[in-house]
Structure formats: structure tokens, C-alpha cells
Amino acid sequence: MPKHRKQSKIKIYRITNYKKDKRSELDSNKFELEQQAVENKQDKQGKQDNQVQSENVVIVPTDSHNLDIWDEISLKEIQAGEHTNLFAEQSNYQNINLLQVSDIRLYLDKQLQFSSVDEQIYHEALVHPIMSKVIDPKRVLILGGGDGLALREVLKYETVLHVDLVDLDGSMIDMARNVPELVSLNKSAFFDNRVNTHVCDAKEFLSSPSSLYDVIIIDFPDPATELLSTLYTSELFARIATFLTEDGAFVCQSNSPADAPLVYWSIGNTIEHAGLTVKSYHTIVPSFGTDWGFHIAANSVYVLDQIEQLYVVPTPRTLPSLLFPLFQFKEEHLEQRNFALLNSESNLILHQCYKKEMEF
């Protein structure tokens with residue numbers, strides 16, 4: 001899941017109230033979230049904030065202009081109040097805090113990674129479009145995703161016979177396998193016989209010969225540093241494409257088309273420069289305070305043909321059955337494609353774009 005998010009100039013929305021629902025399967029405390037479509041006319045863009053509402057989640061504006069600061073403040077507030085520390089460790093790569101309040105929250109380096117109230121929105125959007133489009137996916141590779149939540153969604157497909165999950169931080173995988181509350185949330189995904197875990201750098205894993213995959217899911221951290229920017233080069237995307245079957249595809253989390261359009265569209269542009277066909281989409285994630293974007297890519301045009309008209313099976317709990325709305329963008333967001341850049345090993349610039357768009 002993305003590690004960094006925008007220090008936003010617009011109002012950020014935070015989840016402040018939760019109601020338990022015995023019917024939900026979202027997490028161990030059984031919360032229910034129903035995402036409703038939000039329409040906001042362009043001529044009123046400057047007059048009103050997007051409102052995200054659901055039966056069980058109340059979203060209210062906060063005066064914070066810095067989401068990273070808000071994450072750190074919210075973590076301190078939780079730790080000062082009544083809560084349960086489920087897991088706390090300084091690994092070789094990051095500070096990990098998994099806490100339980102009314103929900104379960106994961107913080108990495110004091111930045112919110114997910115809330116159990118709405119993490120399913122992000123993970124269903126990441127996984128289900130590509131898994132439903134690729135015909136009978138049998139072999140899946142997940143790069144990142146050590147919490148097991150994307151893995152949980154992949155394992156819902158009975159056609160899947162083999163999954164390789166690669167994560168740099170072994171502590172993340174240990175937490176996802178051993179903390180009961182997270183095991184409940186990820187549905188014991190790491191104990192499925194189809195799953196093979198690899199604690200190593202993704203580029204190291206991709207440097208070795210391997211069998212091909214029908215689906216590859218890329219859940220890297222955002223390109224906040226020059227090192228992380230190397231995970232989003234045209235060369236690496238081209239390398240990843242060589243691991244795809246003829247009818248295979250990969251999906252990449254790509255930040256927010258609303259808050260970080262240069263980063264979002266530059267990732268898509270970089271994938272295209274690697275010689276792939278790309279389809280772009282997004283969905284609203286309330287705990288992120290914005291919508292979040294993804295790019296699906298394939299070696300052949302026909303693989304992604306008419307994906308917008310696809311009905312997702314198994315039916316997600318937070319996505320529309322028909323994917324068409326996810327592939328629709330506001331005109332002002334689409335216009336930002338004209339400024340998209342190419343990120344390559346010889347010209348690493350994505351982290352600079354990221355830092356510029358994160359500035360207040």
C-alpha cells in the first residue's frame with residue numbers, strides 16, 4: 001500500500017465515527033462500509049467540498065493542510081488514549097505500528113497505511129478489475145503488499161493455483177502471519193497452500209528467471225525518494241512485462257490523479273514508453289482524504305479491450321459491479337496528461353515531481 005500521501009492544499013476529510021454491523025465481513029470487528037457515488041459539478045468546484053458519505057462512516061472536514069502531519073498527530077492521539085498496541089517494531093526498513101481503537105490501523109513511519117473501515121475499497125480497486133479481466137488467472141505475482149490484504153482479494157479466485165508475494169520487509173510478513181487481528185482481517189491469507197512468500201527486493205526477484213504470470217500486482221510505496229523512484233522506471237516496467245503470459249496484465253498503484261496528477265499521469269506515461277498498452281482508473285478512499293489512481297497494462301491491446309464494460313466477479317463489496325465509472329475522469333484531471341513526463345534510469349525525475357506536488 002502507498003506509504004506517502006499528499007500534503008494537501010484542499011480540505012482533508014477524516015473518519016471520525018464508526019458503527020458496528022454484525023453482517024459485515026470487513027474485519028474482525030465486523031464493520032460495514034457502503035461507498036456512494038459523489039458528483040460535483042465543475043462550475044461549483046471552488047464552492048463546495050466533495051462529500052463522501054456512507055451508512056456507517058461519517059466524514060467531516062478538518063482544518064489540517066498537511067495530511068502527513070495529520071497522520072502523525074492522529075497516531076499520537078491514539079497512543080495517548082484508550083487503544084491496544086497489536087504490533088510495534090522498528091524493522092530494518094521502517095517503524096511499524098499496528099493499533100486497535102474502534103478500528104484497526106497500520107502506520108508505517110507514522111504514516112497511515114490503512115484503516116480497517118475502508119481498506120477494502122483500496123484493495124478491491126487494486127485487485128478485482130485486473131483479476132476479472134484476465135481470463136482464468138492461474139499464476140499471480142504481488143510486489144509489495146506484505147500486510148496480506150491484496151493477497152486476500154486474489155485468493156478469492158478459484159482459478160488461482162499459485163501466488164508469489166515479494167516484500168522487502170520480513171517484519172511486515174511476520175506481523176501479517178502472527179497478529180490475530182490482522183490474520184482475521186487478511187483472512188489467514190499467508191496460510192493458504194497456494195501462497196509463496198519471498199523476503200527480498202523486488203528488483204532482485206525480477207532479476208532471476210521465473211515462470212510467467214497471468215497477473216502481476218504492483219503495490220510499491222509512492223516515489224518519495226530517488227531510490228523509490230527507481231521502482232517506477234520504464235526499464236523496470238519493461239522488465240516486469242517480460243514476466244507476463246501472452247494474455248497477462250499488470251496493475252500498478254499510482255497515487256492520486258486529483259492531488260498528484262503529474263505523478264499519476266507520469267507513471268502511466270512511463271509504462272506506455274515501456275511498450276505497453278495502458279488503461280487508467282481511480283476510486284475514492286475516504287481515509288486517504290482523496291481518490292486514488294491505478295494503471296493496468298498489457299503487452300497487447302486486445303488483452304484490455306473493453307475493460308470499462310466489464311462486470312466484476314466475484315462481486316466486490318465496495319466497487320460497482322460495472323467498472324465503467326472507475327475509468328471516468330473529470331476533464332481538469334484528464335488535461336493533466338499533457339504534462340506527463342518519462343521516468344527512466346538515465347533520467348530519474350519522478351521523486352522530484354512527487355516532492356513538488358506534496359508541497360503546501
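Heads up, the Cβ atoms here are built off N, Cα and C, so glycines get one too.
Per Swiss-Prot, the feature domain 'PABS' maps to 68-299; the stated evidence is sequence analysis. The annotation S-methyl-5'-thioadenosine binding site is assigned in Swiss-Prot to Gln94, Asp167, Asp201, Ala202. As annotated by Swiss-Prot, spermidine binding site applies to His123, Asp147. What Swiss-Prot lists as active site, proton acceptor is Asp219, and the listing cites sequence analysis.
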Beyond the listed site residues Gln94, Asp167, Asp201, Ala202, identify every same-chain residue whose Cβ lies within 8 Å of the center of their Cβ atoms for the S-methyl-5'-thioadenosine site.
Tyr93, Gly144, Gly146, Val166, Leu168, Asp169, Cys200
Asp201 (S-methyl-5'-thioadenosine binding site): which of the recorded positions His123, Asp147, Asp219 is the nearest Cα neighbour?
Asp219
Using DSSP and three states only, what is Asp219 (active site, proton acceptor)?
strand
At a 10 Å cut-off from the C-beta of Asp167 (S-methyl-5'-thioadenosine binding site), count the other C-beta atoms across all protein chains.
25
Cα-to-Cα gap, Asp219 (active site, proton acceptor) vs Ala202 (S-methyl-5'-thioadenosine binding site), nearest whole Å:
11
Tell me, roughly as an integer, the mean pLDDT over the domain 'PABS' (68-299).
94
To see if you understand the setup: which same-chain residues, six or more apart in sequence, place their Cβ under 8 Å from that of Ala202 (S-methyl-5'-thioadenosine binding site)?
Leu143, Gly144, Val166, Leu168, Phe220, Leu231
For the S-methyl-5'-thioadenosine binding site, please report the maximum Cα-Cα distance among Gln94, Asp167, Asp201, Ala202 in Å.
17
Taking the Cβ of Asp219 (active site, proton acceptor) as the centre, how many other Cβ atoms fall within a 10 Å radius?
24
Using C-alpha atoms only, work out the spacing between Asp147 (spermidine binding site) and Asp167 (S-methyl-5'-thioadenosine binding site) and round it to an integer in Å.
10
Identify, among the binding-site residues Asp147, Asp201, the residue whose Cβ has the fewest other Cβ atoms within 10 Å in this structure.
Asp201
